[in-house]
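Below is one structure; the comments refer to it alone.
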Amino acid sequence: MESIIDTEDTIAAIASAVSLGKGGIAVIRVSGEEAINSCKNIVETKSKYAWESHRVFHGFIKDNLENKFIDEILITVMHSPNSFTGEDIVELHCHGGVIVVNKVIETLLSNNTGVRIANPGEFSQRAFLNGKIDLTQAESINQLINAKNLKSAEIAFNGVKGEIKKKIDIIKNDLIEQLSEIEARVDFEEDFSEFNYNDFSRNIKIIKEKIKILIENSKRGAHIHNGISIALIGKTNVGKSSLLNLLSKKEKAIVTSIPGTTRDIIEVNLTIKDIPIKIIDTAGIRETDEYIENIGIDKSFEMIQNSDYIIYLYSLEEGLNKDDEKIISKIPQEKLITILGNKKDLIDSKKVNKKNLSNSVLMSIKNDEGEKELVEKIVKKCGSKEFENIDIFLNERQISNLTDCLKNLNDTDPIIANKLPFDLLSIEVRDGIKNLSRITGQELTEDLLNNIFSKFCIGK
C-alpha cells in the first residue's frame with residue numbers, strides 16, 4: 001500500500017513493560033533510516049558482530065554530552081527490509097526500572113537530532129504501511145497484547161498469523177468472481193447466453209451465509225476476549241466480595257462486617273474450566289440515605305440488565321426474605337446461575353427451608369465450603385462448547401465493515417426479484433468488495449488509520 005503518512009522520521013520507544021523503581025530487562029526499540037547511526041552515537045562496543053543484521057552483541061550506553069557511561073546493554077540489529085517495520089531497527093536491551101530506562105531514552109534523543117518518541121502504535125503502523133502486515137494482523141497484535149485469558153490470546157495469535165485475512169479474502173474472491181462475470185457480460189453481451197438471475201442469487205446466498213457465520217462467531221468470540229460477565233448480586237454484607245476473592249484466589253475486594261463497604265463495581269477476569277469469565281462484584285442492595293452508596297446500588301441494578309449471568313447471594317443466617325425475593329424477581333431467570341446461601345457455618349443446614357430453591361447452593365465462603373458445587377453450576381450455565389469452533393474473531397470495526405458488505409449483498413435482492421438490468425448488480429457487489437478491502441486495510445483514509453493505531457501501546 002502506498003504510504004499516506006510521513007514515515008521519514010526515526011522513532012524510538014520503550015517496547016517492554018517497566019516496573020517503577022525495579023525491573024530485570026527493558027527493551028528500547030528504534031526504527032527508521034537513522035536507527036543504526038543514531039544508536040552508534042551512544043553505544044560503545046568491541047564486538048566483531050557489531051551492527052550486523054540479526055546479530056546480538058554487547059556494549060555500553062554512553063552520554064557523549066556528559067561524557068559518562070549510563071548502562072551495560074545488549075544490542076539487536078535488523079536491517080531493512082527484514083524487520084518488523086520493514087525499516088532498519090535497533091533494539092537496546094538495558095537494565096529495567098524507570099530511572100535507567102528514562103536516562104537511556106533521554107541520551108538517545110539528546111545525542112541525536114533526527115530521533116523522536118514514537119506515537120502509540122507507530123511501529124505497527126509502519127509495518128502495515130511498508131507491507132509487512134495487513135491491517136487485521138496489526139489489530140490482532142493489539143488484541144494479543146491486551147488478551148485477558150489464554151483462549152483469547154490463542155485466537156488473537158491466529159489473527160496475527162493472517163487467519164482473518166484468509167477468511168476475508170475467500171469471501172472477497174467469491175465476490176470478485178461474480179463481479180467479473182457481470183462486467184464481462186456488460187462488455188461482451190452478445191457472446192453470452194441470457195443472464196441467469198437464479199444462479200446469481202444462489203451464489204450470493206452462499207456468500208451471505210459465510211458472512212453471517214463470521215459475524216455470529218465474532219460476536220460469540222467477544223465473550224472470549226472480554227469474558228462472560230457474571231454479576232454477584234445481593235443485599236449488603238452477604239459475602240459478595242468474599243466470593244469474588246475466593247474465585248479469583250486474590251484479595252481484590254475489601255471484606256469487612258460493615259454493610260455498604262463495596263460502593264464501586266469491581267471486576268476480575270479469570271478462567272474457570274477453560275471458560276473465560278469476568279466476575280463483577282456489585283454494591284450491596286439496601287435502603288440508605290447515603291448519596292454515594294445509592295449510586296453504587298443503582299449500578300448494581302444496571303448490572304442485572306447488562307451482565308450475561310447472575311449469582312444471587314443471601315445470608316443463611318438471616319434466611320431468604322421478602323426483600324431478597326423482590327430483588328430476585330427483577331432477575332431474568334435465564335440469567336440466573338444460582339441462588340447462593342452463604343454463611344453455612346453459622347447455621348444448621350438441615351433446618352434451611354429449600355422451598356423454591358432447587359437451583360440453590362449452600363456455602364461457607366469463609367471456610368471454602370461449597371466452591372466445587374458452585375463452579376459446576378457456573379460451567380453448566382456458561383459452558384465451553386459455544387467456543388469450540390471459534391478460531392478467530394473480528395473487532396467492532398471489522399464487524400461493521402462486514403455488516404456493510406452484507407447490506408450491499410442484501411440490496412441485490414430487489415434487483416434480482418424484479419429482474420432489473422443486471423449491470424445494476426455490479427454496483428452493490430463492487431461496494432461490497434470495497435467494504436471487505438477496508439477490513440484488511442486496502443481502502444483507507446489517513447484519519448481512520450491514525451484512529452486505529454492510536455489505540456495501540458506506544459512501544460508497538
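The backbone N, Cα and C atoms fix where each Cβ goes, glycine too.
Among the candidates Arg29, Arg55, Arg185, the residue that Swiss-Prot annotates alongside Glu91, Lys132, Lys460 as binding (6S)-5-formyl-5,6,7,8-tetrahydrofolate is Arg29.
Taking the Cα atom of each, Asn237 (K(+) binding site) and Arg29 ((6S)-5-formyl-5,6,7,8-tetrahydrofolate binding site) are about 50 angstrom apart. Comparing Cβ neighbour counts within 10 Å across the binding-site residues Arg29, Lys132, Lys240, Lys460, the minimum falls on Lys132. Under DSSP, Lys240 (GTP binding site) is assigned to a helix (H, G or I) in the three-state scheme. For the pair Lys240 (GTP binding site) and Glu91 ((6S)-5-formyl-5,6,7,8-tetrahydrofolate binding site), the C-alpha distance works out to 47 angstrom.
When the alpha carbons of Arg29 ((6S)-5-formyl-5,6,7,8-tetrahydrofolate binding site) and Ser241 (Mg(2+) binding site) are compared, the span between them is 42 angstrom. Over the domain 'TrmE-type G' (227-383), the average per-residue pLDDT in this prediction is 77.
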